[in-house]
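Now, the feature entries from TrEMBL:
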DOMAIN    8-191  domain 'Josephin'
ACT_SITE  Cys21  active site, nucleophile
ACT_SITE  Cys21  active site
ACT_SITE  His130  active site
ACT_SITE  His130  active site, proton acceptor
ACT_SITE  Asn145  active site
REGION    267-333  region 'Disordered'
COMPBIAS  290-299  compositional bias 'Basic and acidic residues'
COMPBIAS  316-333  compositional bias 'Basic and acidic residues'
Amino acid sequence: MDAAASNGGLLYHEVQEGKLCAVHCVNTALQGPFFSEFDLAALAADLDQRERLVMLEGSQSPGAANAAAGDFLAEGSHNVSLGGDFSIQVLQKALEVWDLQVIPLDSPAAGSSLFDPEQEVAFICHLQDHWFCIRKVNGEWYNFNSLYPAPEHLSKFYLSAFIDTLKGSGWSIFAVRGNFPKECPMATEGSNGFGQWLTPDDAQKITASCNQVQTPTHQVQSPLLGQQSEGMSEMDMIAAQQEEADLNAAIAASLMDAGVQFSSYHAAQGSSKPQDAPAPVIEATSSKDSNPEEVDKSEPSAPPCEDIQEPASGSDTKKEVSSVEEKESAKED
C-alpha cells in the first residue's frame, strides 16, 4: 500500500456534476479521470444481464423461489437508478479493472483498519444516493467529497474521528486495497471535463476562502436541516443548503436595514424630545423646616409618604371657624 508521490504532487478533484457522485468517487480514488458515466452505465448493464440470467435459472424451480425470481425480473435495473445513482457492485467492478479490492470496513477482512484507518490508502463512503472518497495522496489524507470545491485536508488524528462520525451517522464505508495507479496524464483523452488538478496549497486556499464567505449556519448544519436531510435525495439536500444560505443572507440584510432604521429613529427622538415633549415641571412648596437644597431638580420624584397630609374633614373646619368667631366677639366686648 505504497502512497508515494504521484502526478507530480498534484491532487485530482472532481466537483459535483448532476448526480454523478459515483463517477467522481471512483476517479478521485484512482486520482485521475479514468471513468465516465457511460463507462459505469455499461458496467451496470452488464451486471443487470448477469443477474437476470441467474434469476431466470432460479425461476425454473417451483415454489417461493420462482415467485421471487419473477418479481426480480419484472423490476428495473438494480445497479443504477433513474436518477443516476450506482450500486456498490458497479463501483467494485470499476475498481477491479485496476486490480483493486473493495472491502466493507465492518467485515472481518478489514482487520484492524476499523480501529487504525491510517494503514489504508483509500476509503469510499456511501449514504442514501451520495458517494465520496477519502484518499491518502503523497502521505497526506484528503476528503475528496464532490460537494466541496476542493479537497479538504484531514490530519491523521482527525481521520479516525471523522470515520467514526460517518459510521455513527449511518454511512457505509469500504476500504480500497491494491496497487493504485501512480501516474495519470493530465491531458487524458476522453477526459470528463469536470475534473481539476490542484496543488495542496491551492486546495487549502480554495477551502479557506470558501469557509470565510460561508455563513456560520452553513458551517455547522442547523438541526432543522439535519432533520429534513433524512430521506432527502442528494440534489434535494444541495437545494436545501442553497435555500438556507439564501435565507440567512436575506435575514442578515434585513437585520442591517432594521439596525439603520432603529438608530435613525432614536436619533430623531433624541433631537425632537426637548421641543415636542418637554419634561413636566413639578412645583413643590416646602415648610420652613424643609431644606430647599435637598430638592432634586433634574429628576423630580414623588414626595415621601410621611409628608403627605390629608385635608381636614368638614366638621373640623366648622369647629375652627366657630372658635375664631368667638375670639373676635370677645375682643369687641
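Each Cβ is built from the backbone N, Cα and C atoms, and glycine gets one as well.
Taking CA atoms as the reference points, Cys21 (active site, nucleophile) and Asn145 (active site) are 9 Å apart. Asn145 (active site) counts 21 other C-beta atoms within 10 Å of its own C-beta, drawing on all protein chains shown. In the predicted model, the domain 'Josephin' (8-191) shows an average pLDDT of 86. Asn145 (active site) is 9 Å away from His130 (active site) when you measure Cα to Cα.
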